[in-house]
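Asker: Questions regarding the structure given below will be posed in turn.
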């Protein structure tokens with residue numbers, strides 16, 4: 001009897017003399033969730049591209065259902081029931097949800113009614129409410145992820161690989177996804193789960209394999225290890241303090257004040273303040289209005305009413321340029337689209353928010369000063385790059401995020417807003433980014449952090465504001481931090497606020 005759906009034996013892969021994989025062993029069993037863990041650059045995605053038929057290994061064997069197999073392209077893998085859902089989604093933005101789900105069956109299945117009916121059935125199974133006739137390009141990133149999963153479920157799958165599936169999902173949607181994964185596991189599907197969120201990995205996985213520098217560190221049963229053991233395997237050392245000590249910071253006078261803010265449909269009568277040296281979190285479900293609040297404060301979306309004040313002075317923000325001039329910076333949730341110019345050098349990205357500091361009186365660039373400033377920034381942020389002339393696209397996710405942070409360190413404003421600051425970042429880089437965020441507060445900045453990772457909010461923030469349906473429903477402090485309290489406030493609002501936190 002075959003006990004493994006897939007067995008990757010002694011897999012090696014080189015790209016131009018660089019060893020991406022070195023004799024890696026990995027297997028997938030029916031009815032099991034096998035987590036694949038490691039820092040960015042460890043080789044996880046490369047190994048899954050081998051399983052998905054996207055790349056051919058330099059050495060080693062791919063065994064599917066007990067038979068040695070050559071997977072020459074993704075079609076070979078799909079024919080064997082292997083589907084890989086990548087972090088970078090492969091959808092056609094100008095086609096409808098239904099057309100994307102059944103793209104492989106077009107044009108043979110041309111009835112729009114049939115397409116949409118079948119698509120709705122799949123989406124309903126996933127527990128989401130998405131119009132199958134809507135263009136994919138108009139969906140949120142979270143709902144695009146749902147479409148990608150529905151597309152996989154439309155096929156007769158034996159193995160499904162999830163690469164960072166909850167990176168763009170809030171807690172509620174992540175719970176729905178985990179229910180789906182458990183259902184697939186119960187049907188005998190083999191599941192590979194890649195994630196940097198170790199708490200959810202321990203919740204969903206039966207086994208874990210850790211990779212480092214293109215090699216297998218080890219495979220363990222989830223019940224046999226603790227999170228600290230996995231971190232040590234991943235980074236080669238224990239991370240004693242993932243989050244910095246709050247006691248090292250001095251909280252001063254109020255810097256940012258937002259009063260009765262209304263913007264579009266998603267920001268309704270929002271009021272709060274952030275003081276110098278303070279880190280305030282903004283929590284809630286996806287679609288609660290958190291990102292929209294950030295965009296309104298940054299001048300990216302127009303206000304319908306309300307005031308934004310900095311150091312007691314009301315601001316008139318008609319654009320992000322106005323916000324930057326006033327001293328407000330934003331690290332957006334999608335760093336590749338809005339945080340950096342991905343193909344430009346590190347030095348250009350790091351100085352673009354305050355070019356005036358590296359040009360002369362005539363407006364010409366002073367290259368020596370630019371290099372000096374960016375080199376110093378890179379050292380202070382522990383940026384790992386071959387050169388400050390390297391394009392941002394050549395960096396890992398964690399180092400790309402450091403470049404976005406470098407931009408605002410260089411700009412020197414008073415208020416920094418960070419939207420999902422560690423999305424897609426490995427555990428070692430997370431600890432470094434947390435330290436950098438804390439450094440901003442130590443330097444007297446007012447810091448607003450938006451995150452779908454509750455432990456991130458609780459570990460970093462002095463206070464956490466709970467948002468729901470475009471409103472701030474309440475506030476939590478360290479004495480009553482818990483996921484139950486945050487979700488309770490976000491979903492139920494004032495009815496439970498007296499028991500769980502302060503009303504704002």
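Every residue gets a Cβ built from N, Cα and C, even glycine.
In case it's useful when we look at the structure, here is the feature table from Swiss-Prot:
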BINDING   38, 39, 40, 41, 42, 43, 44, 45  ATP binding site
DOMAIN    6-238  domain 'ABC transporter 1'
DOMAIN    251-494  domain 'ABC transporter 2'
Asker: What other residues of the same chain, not counting 38, 39, 40, 41, 42, 43, 44, 45, have a CB atom within 8 A of the CB centroid of the ATP site?
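Answerer: Surrounding the site, in chain order, are 211, 212, 426.
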Asker: Under DSSP, is residue 45 (ATP binding site) part of a helix or a strand, or is it coil?
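Answerer: The three-state answer is helix.
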Asker: With Cβ-Cβ distance below 8 Å and at least 6 positions apart along the chain, what are the contacts of residue 45 (ATP binding site)? List them in sequence order.
Answerer: 86, 87, 163, 194
Asker: If you draw a 10 Å sphere around the Cβ of residue 41 (ATP binding site), how many other Cβ atoms fall inside it, taking every protein chain shown into account?
Answerer: 19
Asker: Compile a sequence-ordered list of residues in the same chain as residue 39 (ATP binding site), six or more apart from it, whose Cβ lies below 8 A from its Cβ; state 'none' when nothing qualifies.
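Answerer: Spatial neighbours, sequence-distant, of residue 39 (ATP binding site): 212, 234, 235, 426, 427, 428, 429.
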Asker: Per residue, counting other C-beta atoms within 10 angstroms of the C-beta, which of the binding-site residues 38, 43 reaches the highest number?
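Answerer: When each Cβ's neighbours within 10 Å are tallied, 38 leads.
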Asker: Excluding near sequence neighbours, so keeping only residues 6 or more apart in the same chain, what lies with its CB under 8 A of residue 42 (ATP binding site)?
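Answerer: The list for residue 42 (ATP binding site) reads 211, 212, 213, 214, 234, 426, given in order along the sequence.
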Asker: Look up residue 40 (ATP binding site) in the DSSP assignment and reduce it to helix, strand or coil.
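Answerer: Going by the DSSP assignment, residue 40 (ATP binding site) belongs to neither helix nor strand, so it counts as coil.
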